[in-house]
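Record features (Swiss-Prot):
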- 1-22: signal peptide (SIGNAL)
- CYS51-CYS63: disulfide bond (DISULFID)
- CYS55-CYS71: disulfide bond (DISULFID)
- CYS62-CYS75: disulfide bond (DISULFID)
- PHE76: phenylalanine amide (MOD_RES)
Amino acid sequence: MSGLGIMLLTLLLLVFMETSHQDAGEKQATQRDAINVRRRRSLTRRVTEECEENCEEEEKHCCNTNNGPSCAPQCFG
């Protein structure tokens, strides 16, 4: 095989390795994002349940505010 053929095969191999590495990185990032979304949902659900339980004892409503959920006689917005 000539030197040009070897260089061409080497180049193709490098391109293949680089693209498969990028695909693996994108897949890993997607999985990481999915895990973060699940954690946020479970945390939000837990906070909301606690808020509803606490507000129910005070006979108030659990309202979402800028500072997070809080108890109020009536929710606005």
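Each Cβ is built from the backbone N, Cα and C atoms, and glycine gets one as well.
What you see is a predicted model, and the numbers here were worked out from it, not measured in a lab.
Shown on the structure are the features that Swiss-Prot records.
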residue : record              : CB count, 10 Å
CYS51   : disulfide bond      : 19
CYS55   : disulfide bond      : 18
CYS62   : disulfide bond      : 19
CYS63   : disulfide bond      : 16
CYS71   : disulfide bond      : 17
CYS75   : disulfide bond      : 13
PHE76   : phenylalanine amide : 6
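Cα of CYS55 (disulfide bond) to Cα of CYS75 (disulfide bond): a distance of 12 Å.
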